[in-house]
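Q: The structure that follows is given in the form of structure tokens.
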Amino acid sequence: MKALLIGEVLRGKLAPSLYEMLGFASQAGLESVVLVCAPISTNPQFTGKLYQGDGGEYDPLSHKAMALEVIAKENPDLVVLMHSSYGWDLAPRLAMELGWGQISEAIAFDSGTFNQVLVGGKLRRSVKTVSGQAVVTLQSGAFSEAAPAGSPALESISALKGAIEWLGYVEKPAQDLDLTKAQKIVSAGRGIGKADNLGMIQELAQVLGAELGASRPVVDSGWVEHSHQVGSTGATVTPELYMACGISGAVQHLAGMKKSELIIAINKDKDAPIGEVAHYVVVADLLQFVPALTKALKA
Amino acid sequence: MKILVCIKQVADLESRFQVASGQTWFNETDLAFRLNEYDEFAVEAAVQLKEQTGGDLTVISVGPARASEALKKALAMGADQAVHVLEDQQLESFQTAQVIFEQIKAQGYDLIFTGMQSSDKGSGQVGLLLGEMLKINSVSCVVAFKYDGRIEVERELEGGLRAKLKLATPALVTCQLGLNQPRYPTLPNIMKAKKKPKSEVTSPAPASRLQVVALGPPPKAGAAELIEGDLLAQVSKVVAILKEHKLA
């Protein structure tokens, strides 16, 4: 069995997540062929073949064509990408063209089936494709990285011109707050209910000498600035203390804070997925618990 | 301009989920359902474009009878008409995309909006599959959208970075949270929506390309210690933990 792993390129650099894909392939006992559609500064280290394209960094039509060319040559059983902004965009295009089933955001692989998370982490399912061939995207961090070793055989591949015009990267605005340097973070989630309740979270943060963090819905609602966002589209943090107030624990949030040293969650639902990474879950209404804790800490 | 928005009704994620007999989906009895959050941003983007260009906006959903509530919400937000493809089975992404494709392939939509993913399954496939079936340009995970004859979008990448792109219509975009501020339907608009055209159709779904082998709750991590009971006891316990770790 063979897997085509499609690496992603950001600003001339190959994303290190390729080693997660190589780790998955090795765990699954698959031979690996790698395709990288845009030029990269340093080649990855693995044993196998590396197809190197000369396309832009995001150009779906052209990347799809390059992948199909490599698939026709190599006949892989699996096409593997990360479940990232690059991978989830390209994967369905390939699945459609190949007529294969797609398995999105796999978190584990066991004897031919992939595990996936449903309904915000409250259920899991194991699936396989009917044909056995599959396009799979892997959840970031779910598979152990392969150690870089070896030197791939290189083959060049030419990009065709796509239909989408690339206007460039847009930087995030400069931010005063750098959550990644915070030693303590008190974060607010959707469970705070409304913007007015943010005050009590801020007060607790102040008493603890912590920075204010937030989950994505709180930021999208405009209650706090994006610089406070923790998770895969915000900051990845590793403070000594992370208090998650009313955060149920979507995988994207967990990815950004699960390596914190001490995680205390406050949640009405004792089964909330935040419990998978928290050390303690206070099962309580945060609107009562947070002010009570602040008061006790002030005393 | 002809605009389409594809929406899904999903179970509220605050619910407790129990595996239904058959082991492939959860029991829907007693659950609350709502318009998929990502789709609210898609509807808002579609309504704003219709307001800008004076176009005609259709909303489509594939799902059981309960999904009509989600369609009503989209009509109240500003869609002109609704198409409900009645489907009682839980379809996989490819099947859903194919069913929508069959309904709309002859309609010549200039712009199609979908949510970036559904909050129940999170596959992120239907929009892009539909774009491929229609052989039109598509871009996923859009957090900024502008139309001036062509469309200019920003895609959200990781770590706060975005990519700016320009593309010609016809096109399909999948909408990420935060793209805009979805409006709340006003009472007069809810009343008006009741008079808007709604059609119910059926369409055979193709065979699924996926096979669900098992469905269940996640394994108990076991790591988290639960602090339950009386509020003051909970507070003392947390203060003690913080002090033990020299954090308070």
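Placed from the backbone N, Cα and C atoms, the Cβ positions cover glycine too.
Note: TrEMBL annotation is automatic and uncurated.
Owing to the predicted nature of the structure, the values given are computational and were not obtained by experimental measurement.
If you look up TrEMBL, you'll see A:3-176 marked as domain 'Electron transfer flavoprotein alpha/beta-subunit N-terminal'. Per TrEMBL, the feature FAD binding site maps to A:ARG190, A:215-216, A:229-233, A:246-253, A:ASN267.
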Q: Which of the three DSSP-derived classes (helix, strand, coil) applies to A:GLN229 (FAD binding site)?
A: strand
Q: On the three-state reduction of DSSP, what should I expect for A:ARG190 (FAD binding site)?
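A: It is helical.
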Q: Could you tell me which three-state DSSP class A:HIS253 (FAD binding site) falls into?
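A: The residue in question, A:HIS253 (FAD binding site), is helix (DSSP, three-state).
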Q: Applying a 10 Å Cβ distance cut-off over all chains shown, what neighbour count does A:ALA250 (FAD binding site) have?
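A: Other Cβ atoms found within 10 Å: 23.
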Q: Can you count the other CB atoms that lie within 10 A of the CB of A:SER232 (FAD binding site)?
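A: Neighbour count, Cβ to Cβ under the 10 Å cut-off: 23.
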Q: Taking CB atoms only, which of the binding-site residues A:SER232, A:ILE247, A:HIS253 fall under 8 A from chain B?
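A: Near chain B - Cβ to Cβ under 8 Å - we find A:SER232.
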Q: Comparing the binding-site residues A:ARG190, A:HIS253, which residue's C-beta has the most other C-beta atoms within 10 angstroms in this structure?
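A: Most Cβ neighbours within 10 Å: A:HIS253.
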Q: Is it possible to get the count of other C-beta atoms within 10 angstroms of the C-beta of A:GLN229 (FAD binding site)?
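A: Here the count is 23.
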Q: What's the number of neighbouring CB atoms sitting within 10 A of the CB on A:ILE247 (FAD binding site)?
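A: The answer is 33.
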Q: Sort A:ILE247 (FAD binding site) into helix, strand or coil using the DSSP assignment.
A: coil
Q: Within the domain 'Electron transfer flavoprotein alpha/beta-subunit N-terminal' (A:3-176) only, compute the mean pLDDT.
A: 94
